[in-house]
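Notes for the one structure printed next.
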Amino acid sequence: MKDRFKFALTTPLYYVNDVPHIGSAYTTMVADVIARFQRLQGNSVLLITGTDEHGQKIERTAAEQGLEPQVHCDRIVASFQSLWEKLNIQYDRFSRTTAVRHEAIVKEFFERVWQKGDIYLDQQQGWYCVSCEEFKEERDLLEGGFCPLHPNKQVEWRDEENYFFKLSQYQTQLETLYAQNLDFIQPESRRNEVLNFVSQGLKDFSISRVNLDWGFPLPSDPNHTIYVWFDALLGYVTALLEPEQEPTLANALSQWWPINLHLIGKDILRFHAVYWPAMLMSAELPLPKRIFGHGFLTKDGKKMSKTLGNTVDPFALVNKYSSDAVRYYFLKGIDFGKDGDFNETRFVELLNADLADNLGNLLNRTLGMLKKYCQSNGPQLTEADLDLEHPLKKIGTGLSDRVFQAYEALQFSQACEEIFNLIRASNKHIDESAPWSLYKQGKQKEVEQILYAVLESVRLSAYLLSPIIPNLSNDIYQQLGFSFDFNHKTHNLADDILIHHSQWGKLTANQNLSKARPIFSKLELPS
Ligand code: MSP
């Protein structure tokens, strides 16, 4: 049996300036799929998500609503948590940067970097985008001083004393890191973006703000507040503490560090792939293993924006279509890493084709035939009764390896494609071998062989799709007479019932099949 290991992964810690949007939902769904896949492999997993609650952007949003910042944050956090529940996200830690113990971690980390001599006081002049919480180069701004990432927000001029982090000191060390760890930044296009940025020469960046109350005071100079990004990245570390553990770096880093995977969107790549490793180098801590920057979602081919009124509300989407449907669309319908589009017609068409017509119908028609031709008993045979050259057995054997490889490489669409190859072949096998006429000819054994092969293919497909559509996989498994639950986080995978299910041929001769029920009703095209 393969070695088990620990796998810790993170989503970004989302800003609480507003309720969650589809972009945050997207990363979090993907993270949950990866976590479930890792659990299916028998690994111990820690999935971290959470919220980034300090800084000027949040302070201003709360003030606009006439609320104390903490009250505002608490409200928005509740809406994130309720969306994650609706989307069936099984996170292990929800890291809030306003948590009391987070302050202890940030301060200890700051002290380490301070002791190293990597922090100094200087004058900061420049254009600041409050929405990005980042200084911008003048050459990167749009006409009229608008931020390229927030084209309706004008940058603001700042001329103030700030503490700086000596990022420039880590230029060579970072370049060596990228050269020696080709997989550190993925996909390739993002890696190249970072290499290009770093090769232009790194500048120190300011890690404190004045005239800002909403944040942690700098230990060495309480007139300054710690910069929201310096604070937020450390939220990943605080998240590693056990609930009752004393908040020290040593405790936080003792079990799950280094993080195996940071999942982020492409707009926050520099913070994760350049600033974060340099901060960790300064504190002399091990680095995360891998950073994956995914693309941006558009709606009907256009950038989503509140001003254009074309945002996709993740709550409305799940309420209308179910969590599995939404998860499936974003995982199968978008090539992870590239930009992707949300289009409701395409959404309905994809789900109807794959889940209703191909998968759902296959299970339903096969169980129907079983009832008719075998008096609802499972086929009285096992995998060994099927010829090695059987078309479904041929695809099914080795399918898990191909699908697991795709999951490992975060190629979810490819994983689904491999699985649907077997599902389509199963439908074809029924059409071509016509069990209804074999039955009339009294060829019972052949009929049962067909039904066995198809049901086993449906079972294996449900198993392999379970990280993406756990509820549907449960329904299928239940109809096939199995009682375990893909949503049960602590089922003891170590005991391997589930791990063995990755092989083709697990349906037994006396499988106690349940009554056929449609698993996915066809959706109506939007009007
Ligand atoms: N608070 C920071 C992250 C700190 S991590 C220590 C932040 N928050 S955010 O809420 O603004 O963005 C969170 C994530 O949403 C980012 O990964 C960003 O790329 C992603 N998205 C924002 N709009 C998006 C789309 N339209 N499509 C896909 N993802 C998008 O940045």
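Keep in mind that glycine also has a Cβ here, set from the backbone N, Cα and C atoms.
Remember, TrEMBL labels are computer predictions, not curated facts.
The model shown is predicted, which means the values in this text are computed figures rather than measured ones.
According to TrEMBL, the feature domain 'Methionyl/Leucyl tRNA synthetase' maps to 9-148 (among others).
Per-residue pLDDT, averaged across the motif ''HIGH' region' (14-24), gives 93. Annotation source TrEMBL lists motif ''HIGH' region' at 14-24.
All protein chains considered, the CB of Cys129 (Zn(2+) binding site) has 22 other CB atoms within 10 Å. The feature Zn(2+) binding site is assigned by TrEMBL to Cys129, Cys132, Cys147, His150.
According to TrEMBL, the domain 'Methionyl/Leucyl tRNA synthetase' annotation covers 153-367 (among others).
Here Lys302 (ATP binding site) comes close to Leu308, Asn310: these same-chain residues lie at least six apart in sequence, with C-beta atoms under 8 angstroms from its C-beta. In the three-state DSSP reading, Lys302 (ATP binding site) counts as strand. Annotation comment: TrEMBL describes Lys302 as ATP binding site.
The motif ''KMSKS' region' feature in TrEMBL is assigned to 303-307. Same-chain residues lying 6 or more positions outside the motif ''KMSKS' region' (303-307) and placing a CB less than 8 Å from one of its CB atoms are 21-23, 152, 296-297.
What TrEMBL records for 402-510 is domain 'Methionyl/Valyl/Leucyl/Isoleucyl-tRNA synthetase anticodon-binding'. DSSP places the residues of the domain 'Methionyl/Valyl/Leucyl/Isoleucyl-tRNA synthetase anticodon-binding' (402-510) in helix, strand and coil in these numbers: 74 helix, 0 strand, 35 coil.
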* Number of other Cβ atoms within 10 Å of the Cβ of His150 (Zn(2+) binding site) across all protein chains -> 15
* Write out the long-range same-chain contacts of Cys132 (Zn(2+) binding site), meaning residues 6 or more apart in sequence whose Cβ is under 8 Å from its Cβ. => Cys147, Leu149, His150, Asp267
* Other than Cys129, Cys132, Cys147, His150, which residues of the same chain sit close to Zn(2+)? List them in sequence order, counting a residue when its Cβ is within 8 Å of the Cβ centroid of the site. => Val130, Ser131, Glu134, Lys136, Pro148, Leu149, Lys153, Val155
* Structure fact -> Counting across all protein chains, other CB atoms within 10 angstroms of the CB of Cys147 (Zn(2+) binding site) number 21
